[in-house]
Amino acid sequence: MYSSNLTGFILAVVSSAFIGSSFIIKKKGLRKAGVNGPRASSGGYGYLLEPLWWVGMVTMIVGEVSNFVAYIYAPAVLVTPLGALSIIVSAVLAHFLLKEKLQKLGMLGCLLCIVGSTIIVLHAPEEQSINSVQQIWELATQPAFLLYMASAVAVALVLILYCGPRYGQTNIMVYIGICSIIGSLTVMSIKAIGIAIKLTLEGINQAIYFQTWIFAMVAITCIIMQLNYLNMALDTFNTTVVSPIYYALFTSFTILASAIMFKDYSGQSASSIASELCGFITVLSGTAVLHSTREPDTPFITGRCGYFYISYNRYSSVGSPYSNKTYSCSFSNASISAGTVDYLSWDCSIT
């Protein structure tokens, strides 16, 4: 392994540990915030007042900073797939902290992720030498990448404006699709900013170029969008589902974007490229196995004065306690008024 790739590898592993933990901490914060106000999946922002959510955010920031620095030293085709390690961290922590059981087959999925990541690391290409942010700008404005960027923005807008309001609560691919597509553009911008900072620290000032600030604005905009829709996905769907699907889509789009913009595979032998693709497919297989072993989401019900809204697997309808269903509920934050239960919030199984 090249020395610069080794540095990027270590930083990517540290990043995965922090980011995987942040998924769990943020979800616990979202759950607490959803008890006392509108849930994030319904457009609520009460989680911003929840300290536990901010602990998760700080943890994610530490992980993202490590990931940011990793992109300076290693190519995206090496750093991004190592995000699979965050899936393992989040799956294990979800098993103990969120009671989302990790079954034996899920452990096999974790092992596949580790094996696939190892293959990718051993066959990753060397980071190409870039001497100025203007050089990166030339790569970003080549016709092939401009076509990719235009396509990505168009698809993201369709998902946000049309699919989100209609299918966001029932189809996990909507929110995660937005995060993944926008995320590929985030990584390209972050890598450009990281290289600019590195060159500036070495005495070659890159802040004087307007391209540096354009990359910075694109990165900030994309990060804000990613966080918003990732919060909505985490609040709506099971963590053990969000993590692997987000990883698979985000990694795929990022590798595609990096291959187009930076030409990562240029100069590599066919065997090395094939080995990397096999490693990536192995990682994707591991995430699929983890996904297949998940337990269904627990329905979440809230209500008032005997009538309540039923949201079973996020399909919303209005129901009555006297309908032909049996409810097994665990109550919390219920206030009793005039013999009735008012403003209930509970987890419930429907049979």
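Residue numbering: from 1, along the chain as shown.
Using the three backbone atoms N, Cα and C, a Cβ is placed for every residue, glycine included.
All TrEMBL annotations are machine predictions without curation.
Pulled from TrEMBL, these are the features on record:
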- 6-25: transmembrane segment (TRANSMEM)
- 45-62: transmembrane segment (TRANSMEM)
- 68-98: transmembrane segment (TRANSMEM)
- 105-124: transmembrane segment (TRANSMEM)
- 144-162: transmembrane segment (TRANSMEM)
- 174-196: transmembrane segment (TRANSMEM)
- 208-229: transmembrane segment (TRANSMEM)
- 241-262: transmembrane segment (TRANSMEM)
Contact call for the transmembrane segment (6-25) against the transmembrane segment (174-196), three or more Cβ pairs under 8 Å:
no
Between the transmembrane segment (174-196) and the transmembrane segment (208-229), do 3 or more CB pairs sit under 8 angstroms, pairs being 6 or more residues apart?
yes
How about the transmembrane segment (68-98) and the transmembrane segment (45-62): at least 3 CB pairs under 8 Å, pairs 6 or more apart in sequence, or not?
no
Most Cβ pairs under 8 Å to the transmembrane segment (144-162), of 45-62, 105-124, 174-196, goes to 174-196
Residues outside the transmembrane segment (174-196) whose C-beta sits under 8 Å from one of its C-beta atoms, at least 6 past its ends, are 68-69, 71-72, 76, 80, 130, 133, 136-137, 140, 149, 152-153, 155-156, 159-160, 163-164, 167-168, 206-207, 209, 211-212, 215-216, 218-219, 222-223, 225-226, 229-230, 232-233, 236, 242, 245-246, 249-250, 252-254, 256-258, 261-262
